[in-house]
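The following block contains the structure, expressed as structure tokens.
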């Protein structure tokens with residue numbers, strides 16, 4: 001059983017700053033030997049940063065504070081250091097090599113050598129088989145990893161961790177991509193590992209899992225430790241955790257707007273999308289609508305299917321087997337390509353502007369015209385002075401801080417890049433804008449500017465859908481908020497009735513309770 | 001922890017200096033050259049190489065006869081480089097153009113030499129075959145999704161084989177005089193001249209006049225749209241320099257054999273494709289695809305269609321190069337066009353195209369091609385051994401791209 005004061009790990013007063021941002025401030029974390037410890041907090045609360053400090057990704061010296069392992073201070077300079085002391089982290093994006101076998105993956109970098117330094121394949125596969133048995137995975141060790149589902153790949157990662165003589169196993173959102181059966185299996189395995197003496201730290205958004213499995217929980221908010229909750233004392237309830245996670249003031253950060261919704265602009269009915277490669281539904285029978293002059297929010301945890309929903313609506317740019325009906329201005333339309341979606345007045349500004357939103361090696365002018373180039377062209381010829389005029393107008397209206405519209409977009413700050421993305425979509429003259437994490441990675445001042453721009457658009461009669469992980473942002477900006485969980489709409493709340501607690505509850509709802 | 005990623009970029013003083021230069025319209029040549037190092041670098045390199053070989057060959061390389069020779073000898077590489085730079089901007093590569101040059105030339109020879117059709121039927125047949133080959137490549141790259149490297153590597157073997165079959169493994173020659181004139185002919189004597197060709201000078205004059213008018217119009221439009229322009233003195237100096245170079249070039253040609261027909265073809269292609277890449281929706285979309293494929297897709301660019309036409313166009317230009325080459329060699333050989341693809345690719349990269357796509361210009365590729373041409377020609381004049389020529393060309397390509405990568409890294413570091 002758990003001994004009360006035998007801490008395997010203590011992190012004391014950890015402070016980690018990035019240029020301009022304090023990601024962690026005086027964070028304390030204590031984990032007892034042989035327990036399952038959950039860390040929870042909103043996106044951006046500092047969970048992953050804390051784990052990177054612990055595992056040496058941010059080397060000793062790049063942060064303040066001290067780490068005690070088994071009561072003695074440690075200074076990890078890299079991930080190899082922490083692994084040699086038995087700390088293994090399993091990231092949300094699994095780090096397996098797809099076309100190598102299970103056994104090869106398990107012993108990658110730690111190959112089982114025989115005589116003459118050659119790899120001893122018999123021993124490799126036999127050892128791998130033993131490890132697989134210990135995590136309850138009935139697969140042949142020579143099977144390529146690519147043939148396994150995500151759940152089984154996770155088990156391979158855990159087997160790999162065990163092969164490294166893990167004492168402290170850190171799992172980052174282990175069940176985010178898993179279905180219910182695989183999740184249940186994984187949680188069982190974690191309990192078994194705990195009973196075998198392996199301490200687990202689990203980062204999770206799923207509060208029902210935390211309450212069912214964790215022995216204790218640390219709640220982080222805005223880079224600080226809020227509290228440590230003990231399961232044994234009956235403290236860990238979902239309501240209690242939510243209060244800790246969101247208990248911050250809604251600062252008067254959001255510009256005021258008078259809401260006067262008009263006619264419906266966009267509606268989807270019974271929208272379903274299958275994952276492009278795996279056999280599971282990413283969006284499952286979702287219905288929602290948005291009116292002119294209205295801001296509608298979509299709240300959901302990571303992996304709930306928010307981006308997938310938006311991109312599938314936007315010219316079917318995500319997923320397969322898309323079913324459901326799409327209405328624009330009350331008329332059913334088929335938008336099978338992005339070009340068609342744009343023509344129907346839909347715009348989608350991606351959550352990852354560097355990868356999907358901008359041509360970083362090109363200048364502001366050509367990024368702004370990229371989606372609406374035909375508006376500047378006659379018979380295929382681009383009127384390039386008109387293009388400059390349009391870009392200059394955007395630069396002025398959006399307050400894009402750059403020496404000229406010929407400046408390369410890759411050199412702009414995140415906020416200014418986001419303004420270029422917005423300019424690009426506004427130039428297509430859309431009726432409805434879907435903004436996916438419109439303020440991600442943007443500093444506070446630029447956020448306010450983006451919010452002001454959104455309000456201006458809405459006042460001009462545009463319909464806006466905001467997808468955001470930051471609940472205060474949704475509460476501050478939206479008229480209505482839909483919650484999405486595991487691909488299903490689990491609620492629709494007018495902003496007057498919405499609280500973070502209520503939304504979080506709806507977002508964490510699983511399929512069964514939705515009915 | 002995505003939301004705390006440090007993303008705000010500090011503006012360095014250097015950047016605001018650039019800004020000032022853009023707005024005020026600086027005349028300081030040093031600032032201008034530094035700002036456009038990537039572009040101006042190759043012009044400087046071309047000038048240095050021309051001067052170097054003029055010195056090494058005692059001015060022989062700049063003689064009227066040799067200038068004419070360079071035009072005749074390397075025009076087909078330049079034609080290929082136009083298509084190749086577009087392929088590379090789109091993020092692809094084409095290894096097959098040498099084989100396609102051979103195939104199109106062979107088809108023209110079979111039609112004209114073996115079947116006695118008029119010369120223009122041969123030209124048409126070659127163009128149709130070139131377009132078909134381009135459509136074949138475009139289909140596999142754009143609609144099946146096979147990397148262009150593989151598709152065109154296969155094409156390189158495939159079309160070389162077809163060339164051998166079409167020609168039954170033997171050379172076909174000679175072409176009738178009309179066909180031969182395409183690449184070996186000159187326009188001269190049309191309006192007389194004493195010891196020189198007045199017509200060539202006239203065309204040179206018209207070209208310069210056209211250039212000046214277009215410069216003025218561009219400048220006027222930019223002023224109307226309140227865009228920064230370079231200072232007037234520099235503007236005039238630039239036009240004067242270009243005008244002088246063109247007129248000197250025309251003067252040299254006029255004192256040799258007159259205006260090569262192939263130069264007219266090449267000039268027309270450079271003009272058309274320069275506009276196509278800069279001013280058309282299609283051209284812009286090629287840059288967009290090469291710069292960020294996902295972003296282009298999510299901006300409504302029909303990526304497959306654009307990729308398809310990139311290759312159709314490459315096939316078309318390969319056919320033109322094939323016609324020029326067969327016309328110049330006055331026949332079709334099974335081994336024609338061997339390694340042309342590598343010269344064309346080298347020209348594009350020396351001319352500033354990026355290996356990762358999204359960057360490059362037609363003019364740059366032309367300058368890159370000329371650098372290769374002047375070097376090869378100069379070394380031939382000096383009687384340098386073939387093996388050494390190859391070594392030098394290889395090193396120049398490597399250094400040019402290394403310079404480009406270094407430049408980019410430096411630009412990245414100053415962010």
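Heads up, the Cβ atoms here are built off N, Cα and C, so glycines get one too.
Automated prediction, rather than curation, is the source of TrEMBL annotations.
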Scan B:4-34, B:345-375 against TrEMBL and say which stretch is down as transmembrane segment.
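In TrEMBL, residues B:345-375 carry the label transmembrane segment.
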For the annotation transmembrane segment in TrEMBL, which listed range does it cover: B:306-325, B:386-405?
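Of B:306-325, B:386-405, TrEMBL gives transmembrane segment for B:306-325.
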Is the transmembrane segment (B:95-113) packed against any residues at least 6 beyond its ends, judged by a Cβ distance under 8 Å, and which are they?
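Long-range Cβ neighbours of the transmembrane segment (B:95-113): 76, 80, 83-84, 119, 121-123, 125-127, 129-130, 133, 137, 149, 152-153, 155-160, 162-163, 166-167, 172-176, 179, 314-315, 318-319, 321-323, 325-326, 331-342, 344.
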Same chain only, please: residues at least 6 beyond the ends of the transmembrane segment (B:119-136) with a C-beta under 8 Å from a C-beta of the stretch. Say none if there are none.
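That would be 96, 100, 103-105, 107-109, 111-112, 155, 159, 175-176, 178-179, 182, 308, 311-320, 322-323, 326.
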Do the transmembrane segment (B:257-276) and the transmembrane segment (B:69-88) share at least 3 Cβ pairs closer than 8 Å, excluding pairs fewer than 6 residues apart in sequence?
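Output yes: the transmembrane segment (B:257-276) sits against the transmembrane segment (B:69-88).
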What parts of the chain pack near the transmembrane segment (B:40-57), using Cβ distances under 8 Å and only residues at least 6 beyond its ends?
32-33, 350-352, 364, 367-368, 370-371, 374-375, 377-378, 381-382, 400, 403, 407
Mind checking which residues of the chain, 6+ beyond the ends of the transmembrane segment (B:143-162), have their Cβ under 8 Å from one of its Cβ atoms?
87, 92-96, 98-100, 102-103, 133, 136-137, 304, 308, 311, 341
Counting CB pairs under 8 Å, which listed stretch among B:69-88, B:232-251, B:306-325 touches the transmembrane segment (B:345-375) the most?
B:69-88
Which residues, given as numbers and ranges, are at least 6 beyond the ends of the transmembrane segment (B:69-88) yet have a Cβ under 8 Å from it?
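Cβ under 8 Å, 6 or more out: 94, 97, 101, 148, 183-184, 253, 260, 262-263, 265-266, 269-270, 273, 277, 286, 290, 310-311, 313-314, 316-318, 320-322, 324-325, 328, 340-341, 343-345, 347-349, 351, 353-355, 357, 360-362, 364-366, 368-370, 372-374, 376-377.
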Six or more residues out from either end of the transmembrane segment (B:306-325), which same-chain residues have a Cβ under 8 Å from its Cβ atoms?
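Residues packing against the transmembrane segment (B:306-325) from afar: 75-77, 79-80, 82-84, 86-87, 90, 92, 94, 96-97, 100-105, 108, 122-123, 126-127, 129-139, 141-143, 148, 182-183, 262, 265, 269, 282, 285-286, 289, 336-337, 340.
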